[in-house]
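As given in Swiss-Prot:
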- Gly18, Ser19, Gly20, Lys21, Gly22, Thr23, Arg132, Gly177: ATP binding site (BINDING)
- Thr39, Arg44, Gln65, Leu66, Val67, Gly94, Tyr95, Pro96, Arg97, Gln101, Arg138, Arg149: AMP binding site (BINDING)
- Met1: N-acetylmethionine (MOD_RES)
- Ser38: phosphoserine (MOD_RES)
- 38-67: region 'NMP' (REGION)
- 131-141: region 'LID' (REGION)
Amino acid sequence: MEEKLKKAKIIFVVGGPGSGKGTQCEKIVHKYGYTHLSTGDLLRAEVSSGSARGKKLSEIMEKGQLVPLETVLDMLRDAMVAKADTSKGFLIDGYPRQVQQGEEFERRIAQPTLLLYVDAGPETMQKRLLKRGETSGRVDDNEETIKKRLETYYKATEPVIAFYEKRGIVRKVNAEGSVDNVFSQVCTHLDALK
């Protein structure tokens, strides 16, 4: 099973809040048959499952602490192993947020094939998030919080992009355009992997 993961196509998907990376991931799953894994979704699913690990996670998150990297990686690996036979590849969404997370992923799971950087400017992301806030009811979609989230995102992501750029596996997608325009750029990069 470990061998299968080492041979699998693994794509880290990085993009700011409001960059549209969630939408792009959905489209990739639909067209290419990849498995979309979001660390946030995995954590939430584990907590609501009521498992021993879920209970521990719930306590950590309630205290506002960060979930240990080891736990996140265990969950990612479990999810990947479960799909290794049927999946055409894996989209790892919102990970790594730090260089160390990327290094640990490689040590414990496998090397990424590509890092897909869904890149939209801060004004675009802010506009999209404010628009989403009108309908989503998400508490973190207001102007003040959005500015903070974008700052945090840029600080965390720049070193990660730089780290993988040195290896030549970053594929940048201009996410300013329409969903379809962005997706056609994504397809160009993914088709080149075959």
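Glycine is treated like the rest: Cβ placed from N, Cα and C.
Here the features listed in Swiss-Prot are placed on the structure.
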residue : record           : contacts (Cβ under 8 Å, 6+ apart)
Gly18   : ATP binding site : Ala120, Thr124, Met125, Gln126, Lys127, Arg128, Leu129, Arg132, Ile146
Ser19   : ATP binding site : Val118, Asp119, Ala120, Met125, Ala175
Gly20   : ATP binding site : Val118, Ala120, Arg128, Ala175, Val179, Val182
Lys21   : ATP binding site : Val13, Val14, Gly15, Asp93, Val118, Ala175
Gly22   : ATP binding site : Asp93
Thr23   : ATP binding site : Val179
Thr39   : AMP binding site : Val72, Met75, Leu76, Ile92, Asp93, Gly94, Tyr95
Gln65   : AMP binding site : none
Val67   : AMP binding site : Leu43, Leu57, Ile60, Met61
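Spanning the residues Gly18, Ser19, Gly20, Lys21, Gly22, Thr23, Arg132, Gly177 that the record associates with binding ATP, the maximal Cα-Cα distance equals 17 Å. Within the same chain, residues 25, 75-76, 79, 92-95 sit at least 6 positions outside the region 'NMP' (38-67) and bring their C-beta atoms closer than 8 Å to a C-beta of that stretch.
Listed in sequence order, the residues of the same chain lying 6 or more apart from the residue listed as 'phosphoserine' and placing their CB within less than 8 Å of its CB are Cys25, Asp93, Gly94.
Arg97 (AMP binding site) sits 25 Å from Gly177 (ATP binding site), taking the Cα positions as reference.
Secondary structure at Gly22 (ATP binding site), taken from DSSP and collapsed to helix, strand or coil, is helix. With a 10 A radius on its CB, Tyr95 (AMP binding site) counts 22 other CB atoms from all the protein chains. Per-residue pLDDT, averaged along the region 'NMP' (38-67), amounts to 88 for this model.
Here the region 'NMP' (38-67) has, by DSSP, the following mix of helix, strand and coil residues: 22 helix, 1 strand, 7 coil.
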